[in-house]
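Participant: My questions will all concern the structure given below.
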């Protein structure tokens, strides 16, 4: 008994057991090669008569493997694994199914809310949202919009004179300042003098701001190319070479294409696509009509009743104001997301497709922004590229600190946000200006939190909270009540 329990006997028994297991595995592994070799000889001598025989042989081999590999004695647990929702493995898994579930739940919940709203309040949309008799009196705004191309033409003539050395550089700068300023002040004066509809005034003001930004880019880029050309002529900077993209010449065709292209940064040529996909354009137009109608439905059916039954958020009860803001946040967020999808994705891509404009990076994944600064860099790429090209880097080249250059960029953005809202509303309360300038401390706060917690979720949640849940609904309430007070006073 003692002899059988000795360590030598135990080692011998273990070795025999392991050898028997290895022999079993070896015999299992040997089954398929034998069959394969036999089939190979058969193929070499006689060949397979049909592919059905080969399939039958594979099935037999698989059944043989299952016979030995899926026995009750085989171990079911062969490694260290974590649950899919554990903290270490949750970001390594695909959550596409849960994402689909969220979409289904979101559609179901909102469908119930829409049906409940229609049963309780009825159909609140009227034709005045789309067209009213007041819109017929907006013909001065329409004529002003048609006259805006005169300003690019004037800028082209100035550059043509500068190209022929008919006027000095100082005169060129002075004339461009007059033209760009007039292109912005002229629509502002027309809107303020006419009792126009809010939608008409907002559309004209948006066009005027786009024309101003394009003219500034055209003047600034032309001045820079002119300076490069003069440097090469004087052989002061032999390392600089003019290529097809920065060759200086006042080209009228390039300017016309730039004025209608979905970009705010001028250059003599752009990347172009090979052809126009007509079917794709039609599908995008259908989507544009559908989502525009959905925006109108949410505004008339949800947002208007909420703001009409609310008080001024800065003059009433604080808890009541918070409740109104939170109630308004969800439909306002839907409208904002639909606006982004309609303008930045559908409309700009339709325009780019019709013009065969190649660079269609109109936005990046701003919804994943970890800081407010990242959001403003990714949300509106045409404006961001314009700001970087014509404000931020020129400030840095003139020895202005980065924080001051960032502040100047936000200041310019705040001014144009205020113009696009205050001028159509015929009142200047500076709520949009304050809201944009408030982004500067949020940039600092979110960047600090991102560096401290080293987590993308903290900054992203702060961005969604302050920008979409609290900020935009508050601005809507402020402007609505100030607009109503102005109308009552008149």
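For all residues, glycine too, the Cβ spot is worked out from N, Cα and C.
Reproduced below are the annotations present in TrEMBL:
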REGION    1-21  region 'Disordered'
REGION    31-50  region 'Disordered'
TRANSMEM  98-119  transmembrane segment
TRANSMEM  139-158  transmembrane segment
TRANSMEM  170-192  transmembrane segment
TRANSMEM  198-216  transmembrane segment
TRANSMEM  285-303  transmembrane segment
TRANSMEM  333-355  transmembrane segment
TRANSMEM  403-424  transmembrane segment
ACT_SITE  417  active site
TRANSMEM  430-449  transmembrane segment
TRANSMEM  461-480  transmembrane segment
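Help me understand the surroundings of these features in the structure.
Facilitator: Through the fold, the transmembrane segment (139-158) approaches residues 167, 172, 175-176, 179-180, 182-183, 186-187, 190-191, 193-194, 196, 200-201, 203-204, 207-208, 211, 214-215, 218-219, 250, 252, 255-256, 259 of its own chain, all at least 6 residues removed from its boundaries and within a Cβ separation under 8 Å.
Long-range contacts of the transmembrane segment (170-192) within the same chain: residues 140-141, 144-145, 147-148, 151, 154-155, 158-159, 161-162, 201, 204-205, 207-209, 211-212, 215-216, 219, 223, 419, 423-424, 426, each at least 6 residues beyond the stretch ends and with a Cβ under 8 Å from a Cβ of the stretch.
Note on the transmembrane segment (198-216): residues 135, 138, 141-142, 144-145, 148, 151-152, 155, 176, 179-180, 183-184, 186-188, 190-191, 258-259, 264, 266, 383, 386, 390, 416, 419-421, 423-425 of its chain, located 6 or more positions outside it, place their CB under 8 angstroms from a CB of the stretch.
Distant neighbours of the transmembrane segment (285-303): 114, 117-118, 121, 124-126, 129-130, 328, 331-332, 334-335, 338-339, 341-342, 346-347, 350, 476; these residues of the same chain sit at least 6 beyond its ends, with a Cβ under 8 Å from one of its Cβ atoms.
Note on the transmembrane segment (333-355): residues 257, 260-262, 273, 276-277, 280-281, 284-285, 287-288, 291-292, 294-295, 298-299, 303, 362-363, 380, 468-469, 472 of its chain, located 6 or more positions outside it, place their CB under 8 angstroms from a CB of the stretch.
When Cβ-Cβ distances below 8 Å are used as the criterion, the transmembrane segment (403-424) is approached by residues 184, 188, 191-192, 196, 198, 200-202, 205-206, 209, 383, 387, 391-392, 395-396, 430-437, 439-440, 443, 479 of the same chain, each at least six residues removed from its ends.
Long-range C-beta contacts of residue 417 (active site), restricted to its own chain and to partners at least six residues apart, with a cutoff below 8 Å, comprise 432, 433, 435, 436.
Non-local neighbours of the transmembrane segment (430-449) in the same chain are 370-373, 376, 406-407, 410-411, 413-415, 417-418, 420-422, 458-459, 462-463, 466, 471, 475, 478-479, 482; each lies 6+ residues outside the stretch with a CB under 8 Å from one of its CB atoms.
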